[in-house]
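See below for the structure under consideration.
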Amino acid sequence: MSADQTAAGTAAVPSGVRIGPLRAGERITLTDPKGRRHSVLLAEGGTFHTTKGGVSHDELIGGPEGVVVTSVGGTAFLAMRPLLNEFTVTMPRGAAVVYPKDAAQILMACDVFPGARVVEAGAGSGALTCSLLRAVGPTGRVRSYERRDDFAAQARRNVESFFAGPHPSWDLTVGDLVESLEAESTPQEVDRAILDMLAPWECVDALAERLVPGGVLLAYVATTTQLARMVETLRVHGGFTEPEATETLLRAWHAEGLAVRPRHDMVGHTGFLVGARRMAPGFRAPARKRRPAPGAYGEDYNGPRAATPEGAAERG
Ligand SMILES: C[S@@+](CC[C@H](N)C(=O)[O-])C[C@H]1O[C@@H](n2cnc3c(N)ncnc32)[C@H](O)[C@@H]1O
């Protein structure tokens, strides 16, 4: 099996998982005794330089991962191929990436399935793209849109580096999402749409026209003001179920003898997920029974307003 082949499939359907001996051209992670990780691109004759002396790449090439190599100065390094979650946080990036904990939630919240037709924007550095491509499998399609050509080029480099070449289920378009969708000669159906951009609410109408009934639209946003605007835009549209907003906190633990406690270095905040499902054409979700909190849509509120009985009551 060649380096381009994967543990789970054939060269035609890459999973990004490499097996067998380490090869020149592969990226590996060297972890030092303090747990610091160093991403290294293996090259014949190459050296990984550290303050404790160099590690020769040739010691690793041709051997298995999971070995320990020692620098000239006597420091031991654990050598492993990175998992997808490590790859996405260590790969070169232009735009900020979706963190692995959020990518995992996105796959579950959107129920991304083998065969799904997924639209994603912006592609940014291609981190989420890698997870989406894995989830849709050989019969699915991921269409990614990125309006900055430098970021799109970086996304392509990262995706092709992870999958060891072009992925057959991926289309990357350089351009604004809405403009690109509107330029399609025939609108293509979409099962799942995932937005990671500054103003996802601007894409709701265009995606609503293409999402199948029951399809999922999800936005990953960094701030509460974006979260609120997205929720209200989905409500105002009327063709979506009541939006759900969540945040995922991941806390690693230190476990050593009797010293068992949360680690101090938690990632405090990454982003919020705002998701809703597409209703069938002509249907609106049943009006919510719950009245908005007092003042929710009071005179200080200046966002989109849904024409609901609750909203009307609140607005007087
Ligand atoms: C935070 S980055 C996306 C990161 C990406 N999800 C990842 O995991 O690597 C946001 C990207 O959205 C792009 N963008 C913003 N608005 C866009 C739009 N309307 N259409 C296409 N791309 C857009 C920006 O150029 C930027 O690269």
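If you go along the chain as it appears here, the first residue is 1 and each next one adds 1.
Even glycines carry a Cβ here, placed using N, Cα and C.
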Self-check item: TrEMBL annotation, S-adenosyl-L-methionine site containing Ser125, Gly126, Ala127, Leu128, Glu146, Asp176 - matching residue among Asp111, Asp191, Asp196
Solution: Asp196
Quiz item: If you check TrEMBL, which stretch out of 45-78, 283-316 is marked region 'Disordered'?
Solution: 283-316
Quiz item: Which of the listed binding-site residues (Glu146, Asp176, Asp196) has the least company, meaning the fewest other Cβ atoms within 10 Å of its Cβ?
Solution: Asp176
Quiz item: Using DSSP, would you call Ser125 (S-adenosyl-L-methionine binding site) helix, strand or coil?
Solution: coil
Quiz item: Tell me which residues of the chain lie with their Cβ under 8 angstroms from that of Ser125 (S-adenosyl-L-methionine binding site), as long as they are six or more apart in sequence?
Solution: Met91, Pro92, Arg93, Gly94, Ala95, Ala96, Val97, Phe151, Gln154, Ala155, Asn158
Quiz item: Rounded to a whole number, what is the top Cα to Cα distance in Å among the residues the record ties to S-adenosyl-L-methionine, namely Ser125, Gly126, Ala127, Leu128, Glu146, Asp176, Asp196?
Solution: 19
Quiz item: Under a three-state reduction of DSSP output, how is Asp176 (S-adenosyl-L-methionine binding site) classified: helix, strand, or coil?
Solution: coil
Quiz item: Which state, by DSSP, holds Glu146 (S-adenosyl-L-methionine binding site): helix, strand or coil?
Solution: strand
Self-check item: Chain-internal residues near Leu128 (S-adenosyl-L-methionine binding site), provided their CB is under 8 angstroms and they sit 6+ positions away
Solution: Val97, Val98, Ala103, Ile106, Glu120, Ile194, Asp196, Tyr220
